[in-house]
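Asks: This is the feature table in TrEMBL:
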TRANSMEM  C:54-74  transmembrane segment
TRANSMEM  C:81-105  transmembrane segment
TRANSMEM  C:125-145  transmembrane segment
TRANSMEM  C:152-170  transmembrane segment
TRANSMEM  C:190-209  transmembrane segment
Amino acid sequence: MRVEVQGLTVRYGDVTAIDDMSFSLSGNKIYGLLGRNGSGKTSLMSALAGYRRPSGSVQLDGVPVFENAAAMRQVCLVRHSADAADKGDKVSYVLEYGAAWRDTWDNDYALELVDLFKIGLKTKVGELSLGQRSALGVVIGLASRSPLTMLDESHLGMDTPTRYAFYDTLLNDFMAHPRTIIISTHLIEELSSLLEEVVIIDGGRLVLQEEADVLRSRGTEVTGNASDVDEFTVGMTVLGEKSLGRTKAAMVYGALDDEQLVRARQLGLELGPIALQDLFVHLTEPVGGKR
Amino acid sequence: MFDDRSPIYRQIADRIKADVLSGALKADEQVMSTNQYASYYRINPATAAKAFQQLVDEQVLYKKRGIGMFVSTRARDMLREQGRETFFGEVVDPMVAEARAIGIPLAEVIRRIEQHENNGGV
Amino acid sequence: MKIFRHLALTLTAFCAMVAGGSFVFAVALTFVVSAFRDVEISAWNIVASQVGPWFLLFIGVYAIHNVLPIAVAHGRTRREFLVAASAFSVVLALVMTAVEWLGFLVEGGIYSLMGWGADERATQFAYLLMYLVWFTVGMLCAAAFDRFGGGGIFVLPVALALVVATRVQVPGSGNLPFVTSLPYLLGAGWYVALAVSFGVALAGTWAIAREMPIRVRA
């Protein structure tokens, strides 16, 4: 499913959550939507799912999504503890809504997942632990088998084994039923190997959109004598620096060419990779770092 | 499972090459599918596919349409040859530098290597 | 159609069950009371004319506040939901009126068997319109509070004006201090006034909920 966002703005009173954002996703990939708290991830996804009227345009496969029955059928957004799960309802009743109202719903798969995550069918949603409620959200999101499936912070409250079960399930279901999946998370380190493409937003604006593997190869940590490091990094995008005595490490963003690699060797500088998570931290840093 | 730093596809490709070199993967043997790899290592299938594509480009693997990926007949010889080219620069030189740094005489290093030779292998 | 079917099957069944339970409770209570004093009023009329409207208001609130977000989260539009909920309001009011009629029928049998006396009651049409208006006013209030937060309070005078009319002609539902004579002045036009109330409540619900954002559940 192709996603096109053009000049999207979301405001709550005086607060601007999304500020004139434009981007497009070609679809059929697992996308990671990364951003700090309050960066606008939930607002963006809500606009993509037709949960609120967009100012600007949000189109799925070329048609606007808001209040468009044909486009809405293709979308599923699960925010935190499941929008489609009412606290007073039993889990079995929550699944009945999916079966009744979603054409693409796979009920056998839903039951299989409920069993996997050890969620009691007779338990009321309000009585589930936070982790179980998140897992129920994952059940709804995956069993919906929507061409555009969005999971917003679905790992909240899950313990480590449950999170790994979630990642495995997500990956296997994506391979069996390829579709566009957008996941937002804080646990970048854990999830990053699952992502094909990364969209980073900050302060309601798009910071970058890039293939995860390309992004990984973009960051380099340059370590060595402070003056040599300074000389080497002149004119480069330096995301962050730290010093220990006379040794300095600088995080630079952008691929290095052969000439630069040779120069680094001449200066005796050590070049190392940067984890996606560290890149993210520095790319979204409001103070200290340069964009 | 991955260090999340250098591109994952390169790490996967290196792992498959290591398996070919060690003989764990034999000539004309089928390798696991992209999805099996993705599922096993918990990585995106596109990433696994990228690793496979790199190995096909390097002629380590070949594709049989509709069946899967296989190890090239010449893959092991080729990788050994490439390994020999870089062995002294990438393995021996740093080892000598390390030995000097911690004060092990090179004669002692050579004696150790000769012991391996006399024991008939690594 | 899918939304309507699900609402009709689940919520109507739930409401009918609650009404049935209330009937059994009312009859049981009447027997208890009869041990201490003469029975002069219909217990079922208290349920039908006083508890019933509030219950339907509650179901109306539930439909918008709880079920509408689920429909949108399952890829349905607000418009589809509102069409279904509008049709459902008529079906639910009809079913509840039928339950009310059946209740009076059975209660009447018991009363004549026991020789008890009952008070007046309204026409079926008055009950039907009362239920219809209360349910839609419930939807209207929920839509206003969900969309405008505290600002939803401004819908309350409107809601009060809409429901006040419904109870005037239903005996046992409480007397109004100022407008007691109004239904007699209006005559059959009264029913028209109630139908208009229903229309206003429904139109208000549509206007407010049509583009309502779906809030994150707390």
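Here the Cβ of each residue, glycine as well, is placed from N, Cα and C on the backbone.
A TrEMBL annotation is a machine prediction, not a hand-curated record.
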Asks: Please indicate, using numbers and ranges, the residues of the same chain that are 6 or more beyond the transmembrane segment (C:125-145) and have a C-beta under 8 Å from a C-beta there.
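Replies: Same-chain residues near the transmembrane segment (C:125-145) but 6 or more away: 48-49, 52-54, 56-65, 85, 89-90, 92-94, 96-97, 100, 151-152, 154-156, 158-159, 162-163, 165-167, 169-170, 173, 191, 194-195, 197-198, 201-202, 204-205, 208-209, 212.
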Asks: Restricting to CB pairs under 8 Å, which listed stretch, C:81-105, C:152-170, C:190-209, is in contact most with the transmembrane segment (C:54-74)?
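Replies: Checked against C:81-105, C:152-170, C:190-209; highest Cβ contact count belongs to C:81-105.
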Asks: Looking only at residues six or more beyond either end of the transmembrane segment (C:81-105), which have a C-beta under 8 A from one in the stretch?
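Replies: For the transmembrane segment (C:81-105), the far contacts come to 1, 3-4, 7-8, 11-12, 15-16, 19-20, 23, 26, 42, 44-45, 47-48, 52, 56, 59-60, 63-64, 67-68, 71-72, 121, 124, 127-128, 131-132, 135-136, 139, 202, 205-206, 209-210.
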Asks: Give the nonlocal contacts of the transmembrane segment (C:152-170) in its own chain as ranges (CB under 8 Å, at least six residues past its ends).
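Replies: Answer is 49, 53, 57, 121-122, 126-127, 129-130, 133-134, 137, 140-141, 144-146, 176, 179-180, 182-183, 190, 193-194, 197, 200-201, 204.
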